[in-house]
């Protein structure tokens, strides 16, 4: 998917070692010639001392316009795709409960995805494509409880709502 480039940044203080790779975004740690010297060989399009510089979606689409996906900087379930015919980045969202995996470049189970600093939404109702889901009988939150709540919390929530809401929620559970 990505090609490696020979951007190697040598610096001191840390080293490559067992289970230790200070390079981000799939960069490869390269040991230097002196003790405690190492560098990072960054994958396209990442740059920087630790391969930490992520280009904007527009820059990414210019560098690698086809089959390239870039994570949204704010949310774990959204990403930018450069694979459309225009060559411009298109913001997309994974289906609930999937989130965008930077390494696999695809939507994966939220239990396995490392979101880093991106917000990790755990409720179907927080995803953009489900925000507009409305029912005359119940709220989105009642119809699709968050995976953050335990079963006991969900049962307590059912008891706190009116009879029609309880009936509708129970119908969705069965």
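Numbers run from 1 along the shown chain.
Yeah, the Cβs are placed from backbone N, Cα and C, and that goes for glycine too.
On a predicted model such as this, the values are computed, not experimentally measured, just so you know.
Listed features, source TrEMBL:
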- 23-40: disulfide bond (DISULFID)
- 42-51: disulfide bond (DISULFID)
- 12-52: domain 'EGF-like' (DOMAIN)
- 58-117: domain 'Chitin-binding type-2' (DOMAIN)
Counting other Cβ atoms within 10 Å of each residue's Cβ, which of the disulfide-bonded residues 42, 51 comes out lowest?
51
Please list the DSSP helix, strand and coil residue counts for the domain 'Chitin-binding type-2' (58-117).
6 helix, 20 strand, 34 coil
Cβ neighbour count (within 10 Å, all chains shown) around residue 40 (disulfide bond):
27
Structural state census, the domain 'EGF-like' (12-52) (DSSP three-state):
0 helix, 15 strand, 26 coil
